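Worksheet for the structure shown next.
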């Protein structure tokens, strides 16, 4: 029975990983630029995102497996749940976690940078003429990746030798002292994981919070578009008439011979010609938005958009309420940690017992009794936070200080930007792993629905009723709790980071308040600001579409000419 139960749980996880691979594939395909697709970049981004999402979505499997050893209704371990069986379950989970975390670190610090430089080293002309071989390209990418290999080695060496916290028992650290006894390999991985989560907290506090505020409001209000297409069309018509009138004046001044124009007038004429092309493109877009264009597909798209607009607003409203519920839950747990943490900054604000009701946490604890309902809810939560981060990155952009380096847009993201965005998403997902497990749903992520039977000393009631069923918690140090309760491996790994290196735990904790503040500021800004149409970007997109159409037309013409030449040659041979 136990083998069948655990096998089904792992089968559900395998199905979820396949779904994640499909989601990552569609996500990368939708965002990458069709003109600059690279198979190596696409595959790397898909594998990296799938690996990170698979790591965080292992948590419900972790909770389900450790919770399956306990009968929550009576607070006792099941007959088959011997210490050896429980140790075997936790060992297998620990092994999977360490493999996934190691893979995540290697992908983020080694594979993604190498593929980035591999793409940058490609010279199309040199490759076509045979002047650049794959070996030369590999060596060029490897030289630049050596710095990341050095960072990775230094990171693990520092993790091996850096001293861990040795807080005394007076700090209330007794329930967590077992976490300090890991070997040096675990210590190195713990330090590397803590450092990457720390970097990811910046992305989480800035981009994820901004995206979660912008995404629902954008669905409710609608994105920037040609909302009043009729007036836009009239405006563009007037501007186009004015442009052409000025061109006629200049052409009349020179009598059709442009050599007679001054350099100033020639520059003005060139500017008017460029402006005319821009206005014609804008006028065509406005006509399509107004349903007056000749193209069938754009007209159908705008009509479908108008039909689904009420449903989109309903989805936006539901997402807004859900994100606000998550935000309130984070405030409650963060306040609980700040007030009731057993050892405050000495152990990274670890919370031994939940003292303030958390609605999201309670939803997960109750749904965990009916696996995989909690898994479905957890997956939707993770995907919401993931796509919120994507929207935040697209809104803020990839910047260094105030300088914009890359822009993330649907169908217009370059391979370099795609790789950088993937690395940023990997860091943010690591930070999300901590926030969901320790802030959003701490009881669920640590013990799930596990309970234990707390014996009542000196009770006069029947022996089978001489106990009170309580939820498991680290704060309970009784023998009954220790014999029954098994913390999840995910919570053990994260608590090991915060207890062994309290400065990481302090950064993680205070980053939650930064997230809360940035979200509130971004939400107020999104509510007050109306979406604006980026005319410059609209012109660039239209120009790019025209170039693509011209290139496609040129390719078709060349193919037709080639087929015609081949046909004439074959007919000549027959003759």
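Glycine residues also receive a Cβ, built from the backbone N, Cα and C atoms like all the rest.
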Annotated range (Swiss-Prot: transmembrane segment) out of 376-396, 397-417, 460-480, 481-501: 376-396
Non-local residues, at least 6 beyond the ends, that sit with Cβ under 8 Å of the transmembrane segment (144-164): 105-106, 109-110, 113-114, 117, 180, 184-185, 187-192, 195, 500-501
Contact call for the transmembrane segment (188-208) and the transmembrane segment (504-524): at least 3 Cβ pairs under 8 Å, seq gap 6+: yes
For the transmembrane segment (504-524): best-contacting stretch of 46-66, 314-334, 420-440, by Cβ pairs under 8 Å: 314-334
Most Cβ pairs under 8 Å with the transmembrane segment (8-28), selected from 46-66, 314-334, 376-396: 46-66
Stretch contact, the transmembrane segment (314-334) with the transmembrane segment (46-66), Cβ-Cβ under 8 Å, 3+ pairs: no
Long-range neighbours of the transmembrane segment (95-115), counting only residues six or more past its ends (CB under 8 A): 40-41, 44, 47-48, 51-52, 54-55, 58, 62, 141-142, 144-145, 148-149, 151-152, 155, 189, 192-193, 196, 419, 422-423, 426-427, 430, 489-490, 493
Other parts of the chain folded back onto the transmembrane segment (420-440), taken as Cβ under 8 Å at six or more residues beyond its ends: 31, 44-45, 48-49, 52-53, 55-56, 59, 104, 107-108, 112-113, 116, 193, 196-197, 199-201, 203-204, 207-208, 326, 329-330, 333-334, 337, 351, 358, 360-361, 381-382, 385-386, 389-390, 393, 398, 405-406, 408, 413, 446, 490-491, 494, 508, 511-512, 515
